[in-house]
Each structure stands twice: as structure tokens, then as C-alpha cells.
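The following features are taken from TrEMBL:
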TRANSMEM  99-117  transmembrane segment
DOMAIN    104-259  domain 'Sodium/calcium exchanger membrane region'
TRANSMEM  137-156  transmembrane segment
TRANSMEM  168-191  transmembrane segment
TRANSMEM  203-226  transmembrane segment
TRANSMEM  238-257  transmembrane segment
DOMAIN    295-437  domain 'Sodium/calcium exchanger membrane region'
TRANSMEM  321-339  transmembrane segment
TRANSMEM  359-384  transmembrane segment
TRANSMEM  396-414  transmembrane segment
TRANSMEM  420-440  transmembrane segment
Amino acid sequence: MDYKLQVRVQSHLEQMGSLDDRSMGDLDDECLYSAEMDAQKTQSTDSNEQVSLSSSLPVAGNKMIRNGVYKSIKTVVFSNKLNLLMPFGPLAILVHKMTAHNGWVFFLSLLGITPLAERLGYATEQLAFYTGPTVGGLLNATFGNATELIISIYALKSGMIRVVQLSLLGSILSNMLLVLGCAFFCGGLVYPGKEQAFSKATAVVNSGLLLMAVMGLLFPAVLYYTHTERHAGKSELALSRFSSCIMLLAYAAYLVFQLKSQKDLYVPIGEEGSQNEQNANDDDDEAPEISKWESIIWLAIMTAWISILSDYLVDAMQGASEAWGVPISFISVILLPIIGNAAEHASAIMFAMKNKLDISLGVAIGSSTQISMFGIPFCVVIGWMMGQEMDLNFQLFETATLFITVIVVAFFLQEGTSNYFKGLMLILCYLIVAASFFVHEDTSSSGESKQPKT
């Protein structure tokens, strides 16, 4: 019995041992299987996350692009109340297509160009943050009066040489008398107890350039009216083209002089001692609001839109003169510059009221220098390329007006100070000039071109 019992117990134990070995193996297999499953689940989860991440990247990129475009449009288009006039541009095109009322087309085009001219200057200033002072100065020289130049080029293309001459002349007169006068007047009212001061160096150099421009316009007119040309009809044009090239060279030298060689002379009056501190504060206060490429894109958009509206403006000018009963010389010399320079008017007044008269002087006199030494000669050269005989003979009445204006403004600037009375005198002088052109009959052909001589 004992032997049988031992055999049974031993067999039972062997069966239990085999079961335990099998269960342990199964447990080991289950553990290995579960680890592989967990690894597969982890890999599948990681792959799903990578797929979802890669699929979400284009969505996030598109969202960032949309946000960037929205922010840029908000900054450039919706940040200025003057941009409320922008819809008048498309409205002018619509009126031109539906009706033949040139007066309304001309008026609506003027209103539509006004905010575009201001935004063009804004984009140029933003781009100047990234280019430095030298290239920024060249950009301001190129795009500072881009509206007037674009209108002039379209008028040249249409053969309206007289309109080009009068509109550029009007821009000079408007900046020197009206803009500067309003800046002096408003600044004097804000600071009635003292005279505002500005740098004499800037005023003297700009006055000299303006006198040089007057000389360039005076000699072709004198040559024409004294009938002393060696080759009738050709000497005057040849002299104008030669003088234009010299004036462009002089303006390029002026930019180098102002921006590199003698830039210390252009420190605002009374601030020489704290120049470095002021520059540091200006760098802290002023920062670009849009990126470099955004500035370039907006510059191209504004230039293209101004070009489109300028085409309609020039085409409707003669009809508007007949519809309103206003001489085309008055429209070209008075109305066009006032609307085209509206942004410059506002900025010059704003800086004068902040006692930053040097900036106001740069806006008003600097713009006049750009037009007289760069804009007018540039149009003569462009007309030369187009086969249009635009010259520097602005006729006797217009040349005399410019000469007297430059002399008057030079006398007002010689002391380096301003007050509201000087501003009032300049404004009244502009009213006299405006009245003169309203009653002046232009004896030359206003809307006809000078045909090229063969």
C-alpha cells in the first residue's frame, strides 16, 4: 500500500510539474505577445501622430499666411481715415464707362488718387527702415513725388506737354508757398510765445538748388523770346536736354552730399549735443510696421493703381476744363498739386505743430527741390526717349512766377526762424499766384503736343 501510495503521489507530482512547466511557458509566450502588441500599438500611435502632424502643418501654414495678409491689409488700408476716399477710384472708372461726363471722371479720379499717394509714401518709408539711410534717400527721391511723375508720364504719352510743365510747376509752387506757409502758420499758433527754429544749412542748400533750377528754366525761355537761337526751333530744345542732364547730375551729387559727405550739417538746430541720444530714442520709438517684402508688394500695388487712375485723369482733364469753364492752366497748376500733395500738406503741418520744423522744411522745400531738380529734368529725358519735344521753356509768365516765388521763400528762410506771421504771408502769396493763373490765358497749345521734327 505504501509503495502504491508513493507511486501515485509521485505521478501526481509529475503531472503537476508538467502543468507548471506548460503554464510557465504559456505565461512567457503571453508576456512576449503582449510586449509585441504594446510595441505595435506604440508604433501605430506614433505613426498616426506623425501623419496628423504632417497633415496639420499645411493647415497651420495657410492659417499663418492668412493672418499675415489680414494684418498687412489692416495696417496699410484700414489704419488711415484718408483711405475712405479709395472707393472713388473704381467709381471714376465706372462713371467713365457708363457716361461721358469728363468733369465727374476727373473729380472722382482726383479723390481716388489722394489716399493712394499717401499710402505710396507710407510704403516707401517702411521700406527705408530695411535699406538704410542712403538707399532710403534714393527711394524717397524716386517715390516721394511718384504721383506727379506718373501723371506727367501719362500726359507725355498723350502728347500733353503743356499739362506736364504746368502740373510740375504747380507742385513746386504749392509746396513752397502753401505747404510751408501752413506749416509756419499752424506751428506759430501752437507756440505763440516763441519763434520756432530750423537748420540754416538745409535751407541754404535747398535755396541754392532751387535757384539753379530757375536758371535752367530761365535760359531756354530767354533764348526763345529774344529770337537769338542759332538754329531756330532746335537750339532751345538742345539746350533744355543738356541742362536737364546737368540738373540730374547735380541732384545726384546733392544726395551724396546730404546722405554721406556732410550729413552732420543736417542736425536739427539746438540738438547737436544730444544727437546720439536722440537717434537712440528715435530708434526705440520708430519701428517698421510691415515687413520688407510687404513694403515692396504694397509699393507695386499702389504704383500700378495710381498709374491706372492717372490714365483716366489725363484723358478727362480737357473735358473737365470745358465742362467747368476753368482754364486748364488753373487745373494743372492749382488743383492737381493740391490734391496730389494732400498727404504732404498734412504731414508738414503735423510736424510743425510738434515743434519738428526741420522735418516740415524737408517735406515742403525738399519736395520742391525734388520736383525742380529731378522731376522736371526726368520728364524732359523721358520725353526725349518717347520722341516728344518737351523742353525747359515754361513760357515767360510761368518762369517769372517761379523766379519770384523762389526769391520770396529764400528771404523768409534766411533767418532760420519762423512764426505764424511768416506763414500767413506765404499763404497770401499763394492766393495771389492762384488768382493770377485763374485769369491767365495760356497762349500755347494746352492739350496739343509738339510734333517731333523730322
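Cβ coordinates are placed from backbone N, Cα and C, and glycine is handled just like the others.
The stretch with the most CB contacts under 8 Å to the transmembrane segment (359-384), chosen from 203-226, 238-257, 321-339, 420-440, is 238-257. Mapped onto DSSP helix, strand and coil, the domain 'Sodium/calcium exchanger membrane region' (295-437) counts 121 helix, 2 strand, 20 coil. Long-range contacts of the transmembrane segment (321-339) within its own chain (CB-CB distance under 8 A, at least 6 residues past either end) are made by residues 101-103, 110-111, 113-114, 148, 151, 162-163, 166-167, 169-171, 173-175, 178, 345, 398, 434, 437-438, 440-442, 446-447. Among residues of the same chain six or more beyond the transmembrane segment (420-440), those with a C-beta under 8 A of the stretch's C-beta atoms are 173-174, 176-178, 180-189, 192, 326-327, 329-330, 333-334, 397, 401, 405, 408-409, 412.
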